[in-house]
């Protein structure tokens with residue numbers, strides 16, 4: 001793979017991204033779709049997939065931090081971009097001039113943002129967060145919270161674009177708590193409307209709610225993990241969306257050696273050969289996002305067969321046992337995440353080994369790993385981050 005700076009890469013199929021987004025569009029109808037591209041689009045590369053998302057159903061984007069928004073604006077993305085998290089007030093001018101929509105959950109912050117905007121002769125675009133039960137950020141949906149939001153809505157330098165909350169259990173089979181959260185948001189919005197405040201974009205549905213709870217769609221929805229082809233949990237109704245993972249993580253064999261019986265592999269001597277063995281070294285390790293927790297537990301796909309990761313995963317390398325596979329040589333392609341010939345080892349499988357979720361697996365793929373983008377099975381772009 002000589003178009004990369006190293007023999008480790010992630011392939012992202014833009015056709016699959018497009019199809020996933022079309023599936024979401026078909027499910028939610030004419031509702032606004034806010035495609036969440038934070039954390040480098042969950043490891044898929046925000047700069048290089050944003051246009052595909054927007055061309056196939058998304059009307060807006062959401063990120064977590066201002067540098068993610070700036071990156072998209074600098075790349076020529078003109079669609080509305082929302083920041084879901086905190087932005088220090090010293091970035092106010094940047095927010096306002098680039099028309100980046102900031103989440104607000106503090107009155108004093110909103111006042112400062114309004115003052116900055118007035119000095120620039122503009123308005124700061126904001127979304128107001130309501131904490132209906134996530135316990136993270138947002139105004140509480142009580143009388144005090146209502147008065148604070150009414151005060152923000154009266155500020156001369158802000159334009160309130162949206163009102164939103166975040167569901168904490170929408171991907172679970174029991175939807176009771178999600179319905180409680182939704183009821184709190186809708187009641188809060190009604191109280192605002194009773195006070196003459198009509199916010200144009202109400203949004204609450206995340207991936208789990210998009211799949212299972214169409215009654216929570218409101219004016220728009222926020223899709224994250226489902227855009228990339230993974231379900232938020234095993235408890236959602238998968239039949240509602242036909243998704244396919246868009247990312248495959250690959251490498252090439254860097255070295256092949258034969259070891260006699262009773263020889264050790266990697267740090268700590270945790271693996272000892274039980275017979276004469278053929279061991280292949282792969283040039284990927286935990287600095288690339290291939291976790292040390294996979295040591296002795298993960299599988300890879302090589303030459304249409306599974307091979308086990310043996311010994312401890314190192315910072316930049318790991319080893320696999322290929323004794324049972326014929327003619328393995330330097331340069332052979334290896335799939336670390338993905339599928340081939342009916343064999344599959346994906347982010348769900350890796351997450352189960354590590355005791356985490358598929359989201360984290362995808363986000364762990366580091367900037368040391370180049371991204372290769374394909375359309376119609378042809379490479380259309382390569383992104384080497386470093």
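Please read every residue number as a count from 1 along the shown chain.
Glycine residues also receive a Cβ, built from the backbone N, Cα and C atoms like all the rest.
Lifted from Swiss-Prot, the feature list:
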type	residues	note
ACT_SITE	38	active site, proton acceptor
ACT_SITE	267	active site, proton acceptor
BINDING	136, 315	substrate binding site
MOD_RES	38	N6-(pyridoxal phosphate)lysine
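Features as recorded by Swiss-Prot, highlighted on the structure.
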residue: 38; record: active site, proton acceptor; CB count, 10 Å: 19
residue: 136; record: substrate binding site; CB count, 10 Å: 11
residue: 267; record: active site, proton acceptor; CB count, 10 Å: 13
residue: 315; record: substrate binding site; CB count, 10 Å: 11
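A distance of 11 Å separates the Cα atom of residue 315 (substrate binding site) from that of residue 267 (active site, proton acceptor).
For the pair residue 38 (active site, proton acceptor) and residue 267 (active site, proton acceptor), the C-alpha distance works out to 35 angstrom.
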